[in-house]
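These notes are about the structure you will find just below.
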């Protein structure tokens, strides 16, 4: 209205009548009506200046905290976004810290109102707001995990708008924040992050992502080769592989809603699953090993399920790639990752068929043998569980090629302690199968002090399984009691 008159200041006498009506319309139930009222406020500020409306911004900020309804808060957020755009960069820079601070206010209605504001600011402020994304993103991510559903919806809606407006111009800023959210301990953040990642990839690929994909195998997707190339061109092949590895892993999430979101994203952007998995295998295995070594039990479970599914579905096509990567992982200086390798080996052997594993025994057995003598106890414990899984497929071959090596290592002062603990680990899971192979070596006279100590240590984990071997052990122990060196 102020733009239609020659001199906007001529409207000053009518502001007292006009402004209350605009405020009423700003909280109208119809979103389109609220949008028109918000733009009208922005036009009034641009045409007449802030000084004519000294109480407008405080009123909008107060309404943003309203307990009454989402409609009022949404209208205030829309109006405030237009007013802030009209007031310019300096004013926005000054007020932004208070807006971010209120996103973590103790009242849910206050959090909801201020997060809703971020839904409208990209539209009204464009590039000016883009410069503040780094400061705003943490508030959005925190909102995704809020206990209040309305607050979570407001944060997710703002995230969708951020991706829509800044996916191409601020990709290096948005993508890392979304990737971190995919591996969050909170399932709500994982779900929202997968949805936002999907939005981002759909925009980069030039697809809507709204195709309904029900049923069918994982080999079937809605993507095209051209869309795949577009993602590689924008993200780069290395980052694209990291992103797809993360999406593939959370397809096995413990939360159904996260799984469904991840499957939808995967099928929409991947044209050929077997070929894509072959391309990203090294990065995928690195992601899974890191997650298997995570302190989060839920993340370990998700990684284990993903690895198991990978082997069950693609078996012979992926085992030649997976097993060498796991074997090489035991050389990692990080003990947690070495433990992750052992857990991964258990998942792979438990999911693959016995006939599939037979051709890989030359790599599996030495790998587990090495892990059983690792310098870190947690790695040896996980290696013991891996040995138990290996025994189901390899049987006596596993014992014949691992136990003698451990027994020889016990004779070396440098490796005796770890070798003994390795024996304890496999004995604790396969007592009946292992004892007959260990005892003849340990009770062979003359009994050394170390062998006597080893018998005691192994007896702790052998439990009732030792009973049937008492006749073999006692004579040697009684005979050694006369030896002062034992």
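Using N, Cα and C of the backbone, Cβ positions are placed for all residues, glycine too.
Taken from TrEMBL as is:
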- 18-56: repeat 'HEAT' (REPEAT)
- 33-172: domain 'Stalled ribosome sensor GCN1-like HEAT repeats region' (DOMAIN)
- 56-94: repeat 'HEAT' (REPEAT)
- 136-171: repeat 'HEAT' (REPEAT)
- 275-412: domain 'Stalled ribosome sensor GCN1-like HEAT repeats region' (DOMAIN)
- 364-401: repeat 'HEAT' (REPEAT)
- 434-484: domain 'Stalled ribosome sensor GCN1-like HEAT repeats region' (DOMAIN)
Contact set of the repeat 'HEAT' (136-171) with the rest of its chain, CB cutoff 8 A exclusive, min separation 6+ beyond the ends, reads 70, 96, 100, 103-104, 108, 111-112, 115-116, 118-120, 122-123, 126, 130, 177, 180-181, 184, 186, 188-189, 192-193, 195-196, 199-200, 203-204, 234-235
Model confidence over the repeat 'HEAT' (136-171), as mean pLDDT, sits at 91
Reduced to three DSSP states, the domain 'Stalled ribosome sensor GCN1-like HEAT repeats region' (33-172) has 114 helix, 0 strand, 26 coil
